[in-house]
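Let me begin by presenting the structure, written as structure tokens, before commenting on it.
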């Protein structure tokens, strides 16, 4: 949505009204849905991967009491100063909630809705770098690269249209199709904003006309993933609606259909959603309870889309649903085994956070990413700085415990976002892993540094982005693997390359997983095999998952940092990344995931998730566009 995925993860563009105390005009934040989310939660299990929705917000002058198409917002008489669309919501009782042609008998109706904060929003700080006029030579190079990205997108989109139209995904090796997310044309809906941004208006119109007929009352799936449905469908429709200035009202209509469907999953005794929702059982009247082992990325990454839907429709039920989740996370932030962060798994039924594994990567990512974005979406009008304080606490803890400097052959000053386990004595143990999903952190930290006035964190953001660029540049294919391990530096000493230390770490990881023939090898033989036969590049100690899944997180952060700093070197990094990805993944019908980035031109997998066209190619397109296109002072991704 032009607001999501972790998980930013289709670009969701959601507009919000912002009234600065010393200005007489309203600002409108828009969110760009790029399949995030930014970043969506990811899984190592084969065939199951995602990123969080990433978002972007724009400012437009509109009357503070009207919508984008000039219609007056319903005003809340108890909050006359509020510029938001906060009309009193209907109070639902059993049998009164419907979506589409279905009636849902709500068993745990909300009695008192949570409202947007009262008072005037803040004028948010400038985010984007002030760019100088480009030279003719620089412009020519940029336009050539821009054209190459657009051509790649058109190739994949043509394959989808010809072979998988109205299906969720194209199968890029054989021209087949897959129904992976409810069978509601995930790639089409998720990619709407990319079509518009690239100026493909005829294609956009065709896609919107097709989307009109999607029936969200029917699916062959017995269980819906609420997170994935939110970021790909709800976010996709909201982003396209806002990006086009509300000129396609059917998009908001479809967004509301999806929102009402998803809202039914919140009908539990504690109003925490069932993230893997057995919708047929719910419609038949089964009592619902939230899960006892719920991923925090899945339950925590619904905030932007539901908030934006409330802002556009004037119905507070959607905002109420996600504000309750935020409040519970805030309540327990200081009481986890690693205060400041939340463990990957929570018990949503009892609302407890007793797990001991922490990361900003897979299965947690977009929850963290959404904190600063939600602050922007509501114009900084934050209950007692709730979101700001939650983000500050989390990022400080991450800097001290999760981010680490790896030892590299070129002694590069970079950071990776790892994982931490807390033992029974509350001691933390770092797992020095890197994940492609974790690459969103550089952009997130950079944006947070700007909007929360933390200039010292810009250095952290740069090192995180440089870490992902380094991982791309140091693979034979020029593409970063899904997951890997490195040697962490001692933060209290200089981090100089030590060949023997690296070899010992490689051997240690190899011994930890050896079996079969490896049991009979000497240490020297095992080390030689791991480095040369398994193709472990210097600097890495193990390539845990060698695939590239067409993910967007790395280019997302490279794009964001470029717009924050104006450093032209990042353009060259982005071009290397794109060129290597295109060379290794292109097929007759589109682009495919690859099996092993340690091999140039590796075997391909018959999979092309919607975030390839909805997010990855979008960020490549935006970094080579003029800086005014989706300006970070008009949009936040």
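Cβ coordinates come from backbone N, Cα and C, glycine included.
Listed in TrEMBL for this protein:
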- 228: active site, proton donor (ACT_SITE)
- 365: active site (ACT_SITE)
- 482: active site, proton donor (ACT_SITE)
- 553: active site (ACT_SITE)
- 48-59: compositional bias 'Low complexity' (COMPBIAS)
- 439-468: disulfide bond (DISULFID)
- 40-98: region 'Disordered' (REGION)
From 228, 439, 482 (recorded positions), the ones whose CA sits within 10 A of residue 553 (active site) are 439
Measuring Cα to Cα, how many angstrom lie between residue 365 (active site) and residue 228 (active site, proton donor)?
14
Between residue 439 (disulfide bond) and residue 482 (active site, proton donor), how far is it from one CA atom to the other, in Å?
11
Do you know offhand how many angstrom separate residue 228 (active site, proton donor) and residue 468 (disulfide bond) by C-alpha?
25
Would you mind reading off the Cα separation of residue 482 (active site, proton donor) from residue 468 (disulfide bond), to the nearest angstrom?
11
Identify, in sequence order, the residues in the chain of residue 468 (disulfide bond) that are 6 or more apart from it along the sequence and have a CB within less than 8 Å of its CB; answer 'none' if there are none.
434, 436, 439, 442, 480, 553, 554, 557, 558
Please classify the secondary structure at residue 482 (active site, proton donor) using three-state DSSP.
coil
For the recorded positions listed here (365, 439), tell me which residue's CB has the most neighbouring CB atoms inside 10 Å.
365
I'd like to know which of the active-site residues 228, 482, 553 has the most other Cβ atoms within 10 Å of its Cβ.
553
